[in-house]
Structures are given as C-alpha cells and as structure tokens.
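S.K.: First the structure, which I've put down as structure tokens, then a few questions once you've had a look.
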C-alpha cells in the first residue's frame, strides 16, 4: 500500500469513499509481494494492482461491493485447473486478499500511516495493524510508530498487545499475519524508512542512476566536493546533494544493511578514501565504476591504504551487470539491475536460462528469527521486553521481498521454511 500513499492520503483527506485491497498472504509463485495493494474509489477509479491482471478485475468488483456495503472481506485466489473464466493465478501460486473500505469519517490509523510515509522529505517508519476476522465493519487500523500510536483495531486490550508486537516487527522490518491467543488474526504491514543510496561523483550517470533508484524506493544522495559540479541543475533527480568530501560524508551517514554506495568517479583522491570508509560500513552493496585495469589499480591503492582483504572482497567492480550499454542511462540501468539482484539475492541471469518459480525466492537459512513479543510488560530476566511469543505468524516478508513461513507453537522456539 505504501506506493499508493500520496494518492490514498488525498482521497482520505477529502472524504472520498474508497476501498483498499491488500495482498496479505501468498504461497508458491505469485506476481506481487506481501503488502501489495490496489485501491478503488466510489467513482471506479483504480490505483495500483495486485497481479499482472489475472485477479485485478475480480478484486475491483469486490472493492466496489465493499464500498457499497461498508464491510471488509477476504478472498482467496489460486491456480485454476480448468479453462473456466474464474479468476486465478496462472503462475501457480495462491494469494489471500483483504478488501477493506474506508469508513465514513475516515480511519485515524490508516491516515496517520499514510501521512508518515507520504512525506518524501522525511518518511517515518510505521507499522499498520488491521484485523482480518471478516466480515467486519469498515476501518479499524492501528498505526504504530516507535514513539507514538494512532487509531485502534476496535479493542483496547488488543491494541495494547499489538503495540508491542508491531514495534518488534517494525524493528525487524517484517510484515505478516499475527494471531494472539484467543484473539482475532491481525495483518501487520511494516513500512520502513527508505534504504539509502549514496552516489559518489556528480556526473550524468549519477543523475540517471538516482532517477531509477528513486523508482526502486531508494533515498538518493550524490556526494561530490566540487560545488561547480554538484548542482541541482545538473542533478535534478537526486533527493539530496552533499557538497562534501565523500569519505567524510560516509563516515557520519546513517547507513544500514539495506544501504548501497556507488562510486562513479575515476579520481583516486576521491574514490580511494570514499571506498576505504564505505567498505567498513555495514552496507549491503558497495560498487565502483571503472575498467578492469582501473579496478586493479584502485584495489592496489586500497590495499596500500590498509583495507583488509575481507573488506576488499565486498567491492563490486566493474560496477553493474553486463548489459552491453554505453550511454549514461544504459550504465544506470546496468548498475540498478545489480542493485536489485543483490537486494533480492537474484542470480542476474536471464530468466529464460533459470529454472524454478519466477516470483519465488528462498530465504537464506542464516536469516535471524523474527522477534514477536507476547503481552505488554512481559520481560526477560534482564528487564528488557521479551520478544519470545505465543503468537503464531505466517507469511512474514522482509524488506528484500523474500517470503518465509514462521510458526511459534509454544512460545519457546519456532521453525522457518519456505512458503
């Protein structure tokens, strides 16, 4: 739903009746990830989609009915074995879709969540919890921030328990269905702050890459110490322009495992110090432009600067996938393609040369367990809030788009497997 935030917020703030259809569970090969959304207003206008068209028409009708009746519903779509006109998932998977109308007067939780992520300048992480025990009246969203809460799911006791659960999921950037003991199932959708992409070098490929990366959900920064090059006129598609030495900027930037650093300069006075710092950071991707000869010379300089071999092995250079392009735009596509492949653990090969489901990616066995707190005030021996749970969770998806199934059968342990 996050990608629809700006338009949905406009609908909500003007009192326009609408319904949101959210993909809350998916198994097997499915065209969209958990949390994908499609919205329909009272005049039949559509935002977003849930598939390549295979179920969207049916979801559209469900949304129109939900608006008229003011009741949430859930529909399951799966592969069809016959040639009937019934909607199905031709790629072989199964999806469950929650269709929820906006109640008259609005939904405080949904509106708060939409406002938080619609602010391009400073999007705020939020978890939106919605009950999925249908049919039920419209609305009922609980927006949980790290330091604030808005809305309700209609039960104060359940709200209090969900706040703890949602904050644990928010910290781990996980979306999924949680089921409290003796309580209704709840879909908790986490909208994290956008991952950071720091581009070193103010040139044409930098702006082209920023334009594509913005569409991929990155918050983009171009860093260059030369004020005559690092200008808004030259970089119209960049979110932030930092006129600063890149190694100094990277040393203090708020970066995490979702972040990426792309060095697009050929000046050792800029790229070697920048890479020395970037390779020490806990970022998910570090790449540098240049020929193989340039790479070898740069690697030697980095080694001379004391960069350990383990850190050097993280450097992707020459940057990008081999697409054969030469223009700034083609170079940007090549780099963005590698960013996507790394982000989703893809092979980078043509799909026509791979086997298995197109839309399914197994989760690495080393992924940490999802912390799901149980009740408010439940603490470990050291006084911290417990993240052991007696909730069950299904269809948990991390920000990389990998879908896994989790079970918490007894509050002590849980297993992880692929859906």
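The backbone N, Cα and C atoms fix where each Cβ goes, and this holds for glycine too.
Bear in mind that TrEMBL entries carry predicted annotations, made automatically and left uncurated.
Pulled from TrEMBL, these are the listed features:
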type: COMPBIAS; residues: 365-374; note: compositional bias 'Pro residues'
type: DOMAIN; residues: 11-77; note: domain 'XdhC- CoxI'
type: DOMAIN; residues: 125-178; note: domain 'XdhC- CoxI'
type: DOMAIN; residues: 197-339; note: domain 'XdhC Rossmann'
type: REGION; residues: 348-385; note: region 'Disordered'
S.K.: Count the residues of the domain 'XdhC- CoxI' (125-178) that DSSP assigns to helix (H, G, I), to strand (E, B) and to coil, and report the three numbers in that order.
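M.R.: Helix, strand and coil residues of the domain 'XdhC- CoxI' (125-178) number 17 helix, 19 strand, 18 coil.
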S.K.: If you average pLDDT over the domain 'XdhC Rossmann' (197-339), what do you get?
M.R.: 96
S.K.: By DSSP, what is the split of the domain 'XdhC Rossmann' (197-339) into helix, strand and coil residues?
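M.R.: Taking the domain 'XdhC Rossmann' (197-339) as a whole: 59 helix, 22 strand, 62 coil.
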